[in-house]
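J.: Have a look at this one before I ask anything.
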Amino acid sequence: MRQKKVKRAKADHEIGAGEIGKEPESENILAEFKTTNVLSFSAREKSIFIHGKLADQDAVVILEKTPITEDSLAELFSDSRLKLDMRNDIYSTYRLQAPPQLNEIKTTVVCPATEKHVKKYQRQETFLVEETGEDYQSITLPYIQKQSLSIQWVYNILEKKAEAERIVYEDLDPDVGFVLLPDFKWDQKQVDNLYLIAITHQRGIRSLRDLTSEHLPLLHNIFQKGKAAILQRYSLPSSKLRVYLHYQPSYYHLHVHFTKLGYEAPGCGVERAHLLADVIQNLQSDPEYYRTRTLYFPLRADDELLSKFKEAGRL
Ligand code: GTA
């Protein structure tokens with residue numbers, strides 16, 4: 001399959017793009033990392049989620065092998081060492097030892113990690129929850145008001161205290177404006193696994209449940225300008241994009257996920273992802289749609305919200 005490399009031309013309105021592939025060197029803080037346990041592991045995804053200690057603080061480290069890009073092939077073939085494993089008739093298998101710059105591992109560090117982070121990355125059985133509008137008010141809302149993950153990272157982005165150089169597009173309007181930037185799950189090396197998020201400047205919209213027809217101008221704006229910015233920057237038309245919101249999200253500040261169609265991003269399944277186009281249509285036909293409808297979502301076995309649904313006799 002052809003891997004399309006990320007184009008680096010600047011678009012109108014865009015704010016300084018990060019220098020792809022030219023990240024600054026940083027000291028190896030992981031030299032001191034002490035593994036406690038492996039939270040999950042996927043041979044297929046070539047990733048591992050590890051819980052451990054970093055300078056006596058709880059930390060989660062995510063290691064992921066990155067895709068092989070077409071533009072690296074010539075160097076990969078010419079500059080690697082090849083070790084034969086077996087040969088049989090017309091078939092042979094090898095271990096190719098690539099030059100270090102072509103053999104990087106995308107590494108995400110969450111430190112200090114809360115218990116919620118540790119649970120979030122642990123592979124666990126999940127259960128589908130049926131949440132009516134009343135369940136949201138009596139069970140979910142009180143829980144998320146007390147228990148949700150900090151959204152300081154979101155405010156840092158909106159206030160340009162972090163990731164400012166990564167912003168792809170920004171609309172500064174306080175009501176309908178947003179910041180569009182690469183999700184931290186995307187290494188930005190190829191568009192095949194493109195993943196950006198649009199974060200609203202408006203604060204206080206927690207999730208899909210808070211949306212009413214009043215928010216249609218905001219949603220239209222994110223949809224139209226987000227798609228246009230992605231077309232301009234990455235030459236990817238809207239027919240190649242999956243644009244959606246999560247319910248439940250992990251972070252309760254309204255944001256929209258833009259991923260490349262065909263890329264199986266974590267959380268893009270029907271039990272969690274709501275297409276923005278559908279959200280807009282639903283609000284057009286019923287302004288209170290998301291306040292009143294029953295919504296379905298998966299929860300992990302040890303999620304406290306699941307216990308709250310059980311205690312309320314809703315499972
Ligand atoms: N640019 O600091 C950040 C940042 N943070 C803290 C989160 N995001 C960030 N982006 C930037 N900078 O797509 C991104 C997340 C996510 C979005 C929040 O914001 O990557 P959400 O509120 O709907 O929450 O979206 P979601 O999708 O549940 O969060 P997340 O973290 O993606 O977790 C989903 C599941 O994906 C996890 O349980 C995990 O098991 C799985 N997963 C698989 N691969 C990875 C991976 N490489 N990294 C993280 N999680 C992964």
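Cβ coordinates come from backbone N, Cα and C, glycine included.
Just so you know, TrEMBL annotations are computer predictions that nobody has curated.
Copied straight from TrEMBL:
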BINDING   Trp153, Glu163, Asp183, Lys185, 246-257  substrate binding site
ACT_SITE  His255  active site, nucleophile
J.: Fewest other Cβ atoms within 10 Å: which of the recorded positions His246, His255 wins that one? Let me know.
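T.: Among the recorded positions His246, His255, the sparsest Cβ neighbourhood within 10 Å belongs to His246.
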J.: Which of these binding-site residues (Asp183, His246, Gln248, Ser250) have a C-beta closer than 6 Å to some atom of ligand 1?
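T.: If the test is a Cβ under 6 Å from any atom of ligand 1, the answer is Asp183, His246, Ser250.
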J.: Which of these binding-site residues is closest to the residue listed as 'active site, nucleophile' if you go by CA atoms: Trp153, Asp183, His246, Gln248?
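T.: Going through Trp153, Asp183, His246, Gln248 one by one, the Cα closest to that of the residue listed as 'active site, nucleophile' is His246.
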J.: By the count of other Cβ atoms within 10 Å, pick out the sparsest of the binding-site residues Trp153, Tyr252.
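T.: The binding-site residues Trp153, Tyr252 were compared, and Trp153 has the fewest Cβ atoms within 10 Å.
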J.: Which ones in the same chain are close to Ser250 (substrate binding site), with CB under 8 Å and 6+ residues apart in sequence?
T.: Lys120, Leu149
J.: Reduced to three states, what secondary structure does DSSP give Trp153 (substrate binding site)?
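T.: Assignment for Trp153 (substrate binding site) reads helix.
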J.: Near Asp183 (substrate binding site), how many other Cβ atoms are within 10 Å of its Cβ?
T.: 15
J.: So how many other Cβ atoms are close to Gln248 (substrate binding site), meaning within 10 Å of its Cβ?
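T.: I get 21 for this one.
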J.: Using the structure shown, find which entry in Leu254, Val256 (the binding-site residues) has the sparsest Cβ neighbourhood within 10 Å.
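T.: Taking Leu254, Val256 as the binding-site residues, the minimal 10 Å Cβ count falls on Val256.
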